[in-house]
Amino acid sequence: MKRDKSFGRSMARETGESGETKSTKVKKHKRRKSKKESKTRIVHANILYDHTKGGDNPNRHYANNKIKTTKYTLLSFLPKNLFEQFHRFANVYFVFIALLNFVPVVNAFQPELALAPVVFILSVTAIKDLWEDYRRHRSDKEINHMDCLVYSRSEKQYVEKYWKELRVGDFIRLRCNEILPADVLLLSSSDPDRLCHIETATLDGETNLKQRQVVRSFIDLDCEFDPLKYCSVIECEKPNNDLNRFRGYIIHRSGRRDGLYKDNLLLRGCTIRNTEEAVGIVIYAGHETKAMLNNNGPRYKRSKLERQMNVDVFWCVIILLVMCLFSAIGHGLWMFQYGDKKPVFDVLSPEGTDISPVVSAIYLFLTMIIVFQVLIPISLFVSIEIVKICQVYFIHQDMELYDEETDSHLQCRALNITEDLGQMQYIFSDKTGTLTENKMVFRRCTVAGVEYSHDANARRLAMYQEMDSEEEDCTSHGGTLPRRDSVTSHQSGKVVLRSQSTKSHRRTGSRAEAKRASILSKHTAFSSPMEKDITPDPQLMDKVNECSSQMEFMRFHCQPLNQIPPDLCDIFDFFIALTICNTVVVSSPNQPRQKVDDCKGKRQRKILYKTQNYLNLYAADGLRTLCIAKKVLSKEEYASWLQRHLEAETAIQRREELLFESALRLETNLQLLGATGIEDRLQDGVPETIASLRKAGLQIWVLTGDKQETAINIAYACKLLDPEEEMITLNADSQVHPACTAAVSPHGLHSFSSLPSPSEWLVIDGRTLAYALDKSLEDKFLAVARSCRSVLCCRSTPLQKSMVVKLVRNKLKVMTLAIGDGANDVSMIQVADVGVGISGQEGMQAVMASDFALPRFRYLQKLLLVHGHWCYSRLANMILYFFFKNAMFVALIFWYQFYCGFSGSAMVDQWYLIFFNLMFSAFPQLITGTLDKDVSAETLQELPQLYMNGQNSEEYKPYMFWMNMIDAFYQSLICFFIPYFAYVDSDVDLFTWGTPITTLALFTILLHLGIETKTWVSLHMTAGAFVL
């Protein structure tokens, strides 16, 4: 028997070749391996090398299964943590000021005292980081010491080992409810259908079970899998973080190749469910597993308010330098006017000798930086983080954002952009599952040009769905696992049908059989678009039987795979690009064998006239349309196509492209059978929410992949579009003559010289959108779109969605929010300033990628109009108040410099100056920043127009910073000169005169905060009493 070269080299080592031959082949293997390793990974079974030296194992270069997520060690903690903290400019600045105070010639305060605040802040942060890292260390130790069963060649059985001892190429046995220790290729399963059911909640948040299939060549094993008989070699792609892709092939002793897919791979962190035992070989281990490669931590975003604040902090630095320069010049002039006389405030050199006025002024410049350091708020950043955490807590406590039906609540996954919720200007929304329920109800269909209505059946299906949901609730609350036969494979059933109907429209012969075959081939249903798993619906046949008395179905379950008749030959995955799913079946067992390819898709090349009319009618009624067609293949055609398709399946590079081309070969010369109309109902409260958001001044764009007529109908239903407004439709066939550059119909765009009025709305299809997003047309497209009241993009792809959001955000410089519920919305959610995920029917991919997660679309209204408004208003006023109080306190010392020869001395105790920010003025503003409400929640929802204050940054404009600084200097003048004139010509000492100034200033600062506060609570009184 001819063997593969890789397999031959493996067996040569096991049977014991001569040393010279063995060494030569090992070197050749290394050279070939190094070439392939750049793009692929080759995995051998480790048991073939148990008796050899470790250096001979080709898997030795791969990562082990020990994980380490800690950042520090005992030796590296202090330097590494300080290095990380010094990445924040504020910490570097204050450490520099504290160290500068240790220089005798320029120090202003007691050096140790000046160092206390910054040491306190650095210590608190370091303790927090140390505690978090210690928790990670304990978690790593617990995970690394979990047990698993690994096959041992010496003991010829599975033995317990720690997770950290696993290696790539090890065989492991998995049991029910066991967590997977690594990424494992499934080779055997105790399930009769060779399936393994896993729960992926730790990866994507989904609790529904996923099916994984044993590798094709190991499905027909009649006996228990024996690792000692395994002689295959696996070649697959290198480790990557794509959870929904796995490409490779397995080479057997005979040289046969079988393709490997994501359905064959069990990922680390998933849990085995409803499967007694499974055996697999480790492909990726430790930090090379897909779960670990996706563990990158939360994304960091900076809010618009924070970016504006950083500009003002820079202006504070400029003001500080100007004040220090002014004081240095004043001190130099003061020194110069004495000439040879010794002034009262004299600066001596370290040796005790006199120095020139110029040098003295330079020293004083550094001294004044120390004295005026309070102008740069050391506690501002810490205070903002505390306030944001408190705001998030109270948002979570809002029970009006809790959905009882789904038992889910709002999730805030990004803590640092809560204020951005109050400044949104554009909302980009998906349609299916976001605005609609994503619960498809069969309404109408047309078969061979004859139309059928199914309103009564739709009502019955809706009732069954409610009954099913109640049963699921009972099951989930009862804590029991689903029955095993409820998740059987789609390959384990045979469908036999016979007709009992005598309706006038009944079709007989091959057409009727083909139609029934098409209906029965829909016994597979997608549980998640991202996963594209084909899972059976165990109750579908019963529901179809209830919907029509024309057919009676009998189904036989749990047949062994080798006994399945070839009536259903192949089912291939759904192709998003083609929007089709191909199923190769036999039209009827009693007829001569012929291969039939049923292609179910939205866009088919040959559409009969009547069916096209019905499709338009369904779309106008807001129904989702689906066409059903067939193609008869000869055995020779099928064999030729299948050979090419299997080659595409075993490809590692360009696999998706080759599979795409393979599917295209089938989608030719199709014969149309009929079409269906499916209803997707709007969610409760969607029209009211959209109407309220539009009143708030938000521009709403809907980006959907649906047909244009369907999307327009839904847009009318949800009040996104107004029938009284004029519609602009952009449909182009080429980039040379796109509809957005010339006049197109009476309802179209006339020219860019006369832009549409705000009472018009824009509808654009995916093909035209592709042209509009071109560099040469994007500015013109935006000029039209921004002038319209709403925009509806139909037939748009996930990539186009993200490109539209990115274009609007970057070109128009506006705040954008993207909301969606499916995997095709992830890219758009991540590109927007704020991403919102809906925890709906399409899994949790959108939620995992979002900044905020909502149970329903209607909760977006309160999240933006109420909590967004509050968060923005509170933080904006708190930041301005921070600048005000710090500038006012520093200005008091600055005015005193005119009476002390600009010597850098202060009339207040150094304790007051150092701890002014940390203790004396910190707590009241935290209370106001967390609990203040300028307008009640009821008023904000009744008057959405109030949201425009945040859109226009009315609470924090650039001039407001300068107004606050001027106000601070003005009020400091009052607080300084009232005690000054009160004690003039008296003999009080410096601190006796300075204490009333400080007290009056503190009362003024608190009074200013009290005037700005709109809502008073008992905590305000407590904080005020603590300060006093």
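From the backbone N, Cα and C atoms, a Cβ is placed for every residue, glycine too.
Features of the protein shown, as given by TrEMBL:
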BINDING   ASP430, LYS431, THR432, GLU531, PHE574, LYS600, ARG624, THR704, GLY705, ASP706, ARG795, LYS801, ASN824, ASP825  ATP binding site
BINDING   ASP430, THR432, ASP821, ASP825  Mg(2+) binding site
COMPBIAS  1-23  compositional bias 'Basic and acidic residues'
COMPBIAS  24-39  compositional bias 'Basic residues'
REGION    1-39  region 'Disordered'
REGION    467-515  region 'Disordered'
TRANSMEM  89-107  transmembrane segment
TRANSMEM  113-131  transmembrane segment
TRANSMEM  311-335  transmembrane segment
TRANSMEM  355-382  transmembrane segment
TRANSMEM  879-899  transmembrane segment
TRANSMEM  961-984  transmembrane segment
TRANSMEM  990-1011  transmembrane segment
Stretch-level contact, the transmembrane segment (311-335) and the transmembrane segment (879-899), CB cutoff 8 A, at least 3 pairs:
yes
List, by number or range, the same-chain residues at least 6 past the transmembrane segment (355-382) whose CB is under 8 A from its CB atoms?
88, 90, 93-94, 97, 100-101, 103, 105-109, 114, 117-118, 121, 309, 313, 316-317, 319-320, 323-325, 327-329, 331-333, 335-336, 347-349, 879, 882-883, 886-887, 889-890, 893-894, 902-904, 906, 913, 916-918, 922
Under a three-state reading of DSSP, tell me whether ASP825 (Mg(2+) binding site) is helix, strand or coil.
helix
Would the transmembrane segment (879-899) count as touching the transmembrane segment (961-984), if touching means at least three Cβ pairs under 8 Å and pairs must be 6 or more apart in sequence?
yes
Near the transmembrane segment (89-107), which residues from the same chain, at least 6 beyond its ends, have a CB less than 8 A from one of its CBs?
114-115, 117-119, 121-122, 347, 349-350, 363-364, 366-367, 369-370, 373, 376, 378, 381
CB neighbours within 10 A of ASN824 (ATP binding site), counting all protein chains shown, number 24
I need to check the long-range neighbours of the transmembrane segment (990-1011): which residues 6 or more away from its ends have a CB within less than 8 Å of a CB in the stretch?
881, 884-885, 888-889, 892, 906-909, 912, 920-921, 924-925, 928, 971-972, 974-976, 978-980, 982-983, 1020, 1024, 1027
Cβ atoms near THR432 (ATP binding site) (within 10 Å, other residues, all chains)
26
Just the number: how many Å between the Cα atoms of GLY705 (ATP binding site) and ASP821 (Mg(2+) binding site)?
13
Under a three-state reading of DSSP, tell me whether ASP430 (ATP binding site) is helix, strand or coil.
coil
Can you grab the distance from ASP825 (Mg(2+) binding site) over to ASP430 (ATP binding site)? Cα atoms, rounded to a whole Å.
7
Give me the CA-CA distance between ASP430 (ATP binding site) and ASP821 (Mg(2+) binding site), in Å, as a whole number.
8
Distance, ASP821 (Mg(2+) binding site) to ARG795 (ATP binding site) (CA atoms, angstrom)
17
Alpha-carbon spacing, THR432 (ATP binding site) to ASP821 (Mg(2+) binding site), which is rounded to whole Å:
8
